[in-house]
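Copied over from Swiss-Prot:
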- 35, 36, 37, 38, 39, 67, 106, 135: 4-amino-2-methyl-5-(diphosphooxymethyl)pyrimidine binding site (BINDING)
- 68, 87: Mg(2+) binding site (BINDING)
């Protein structure tokens, strides 16, 4: 199974009951990976939210990824970590989490892309494909053309992130990209189960 296919990134603006509801329903709809992202809260709150999501995911086969914080990933024994370019270097993160955890890295420029294959990572998050309200400090927008170029450049699986929604999923899927990461299209949906099912149907 391709675990990257429909990659849910949680919304750190949602309270804990909403977060749990979204994750539970999204997994019922076919989400294949969940990344808990916390940019504003304290570490204790991050651990609490990550632990709550881990409990929901137990027995589902859906991996739990922690955004940025290796310490939080270790604290809850998550399945992996996703690093940004300003986070801990990938080599150090790999030493800390060991050889069997999933390690992802955000790639924002062509120079970073060129180096990716030499790093001890499992996948890259290509950011941002399109403009997005959830991330305003992006270095560039790759677009479909940039995504195709990236797929030809690296041997690593690519998860596309940034501005992905029902209107552009068919074109993105046609590139052969390994996965699509979404926040708003699932977290803000009235029914996250139906949203996930619908988004998956657009990938076929």
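The backbone N, Cα and C atoms fix where each Cβ goes, and this holds for glycine too.
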Fewest other CB within 10 angstroms, which one of the binding-site residues 37, 39?
39
What are the non-local neighbours of residue 38 (4-amino-2-methyl-5-(diphosphooxymethyl)pyrimidine binding site), defined as same-chain residues 6+ apart in sequence with CB under 8 A from its CB?
12, 45, 46, 49, 67, 69
So of all those binding-site residues, 35, 36, 37, 39, 106, which one's Cα sits nearest to residue 87 (Mg(2+) binding site)?
106
Tell me the Cα distance separating residue 37 (4-amino-2-methyl-5-(diphosphooxymethyl)pyrimidine binding site) from residue 68 (Mg(2+) binding site), rounded to the nearest angstrom.
8
Return the count of C-beta atoms lying within 10 angstroms of the C-beta of residue 87 (Mg(2+) binding site), excluding that atom itself.
17
